[in-house]
Amino acid sequence: MTWVPLRQDWIRRAACTDEDPELFFPVGTTGPAEREQEEAKRICERCPVMRQCLTYALRSGQTSGVWGGKGERELAELRGSASARRRAGVSTR
Ligand code: SF4
């Protein structure tokens, strides 16, 4: 896990500020939870800080919920590919 500053100014511009948090942290991975996750991702698509949110999620090691338009499985895949690049000595910046 990488150090990340506690103060995250970008959050004030988040498109999900007034949305139901349960959309972004659905319980389960099928049925209603899958629909909630897809709805959350659609909100992310119109979010002006999607890139910052995804970067924050990856750097702070978030493992649950939708962040930056990515679900839990996609976040894990991105973390895995970033780790592989680091192990191979390829810059991730
Ligand atoms: S990208 Fe999605 S989860 Fe992240 S701040 Fe924007 S709306 Fe919220």
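Including glycine, each Cβ sits where the backbone N, Cα and C put it.
Keep in mind that TrEMBL annotations are predicted by a computer and have not been checked by a curator.
Feature annotations, courtesy of TrEMBL:
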type    : residues                   : note
BINDING : Cys16, Cys44, Cys47, Cys53 : [4Fe-4S] cluster binding site
DOMAIN  : 15-77                      : domain '4Fe-4S Wbl-type'
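For Cys16 ([4Fe-4S] cluster binding site), the count of additional Cβ atoms within 10 Å of its Cβ stands at 18 [all protein chains shown].
Each residue of the domain '4Fe-4S Wbl-type' (15-77) gets a DSSP state, and the totals for helix, strand and coil are 34 helix, 2 strand, 27 coil.
The binding-site residues under consideration are Cys44, Cys47, Cys53. Their Cβ neighbour counts within 10 Å are lowest for Cys47. In the predicted structure, the domain '4Fe-4S Wbl-type' (15-77) carries a mean pLDDT of 95. The record gives Cys16, Cys44, Cys47, Cys53 for [4Fe-4S] cluster. Within 8 Å of the mean position of their Cβ atoms, the other Cβ atoms in that chain belong to Ala14, Ala15, Ile43, Val49, Met50, Val66, Trp67, Gly68, Gly69.
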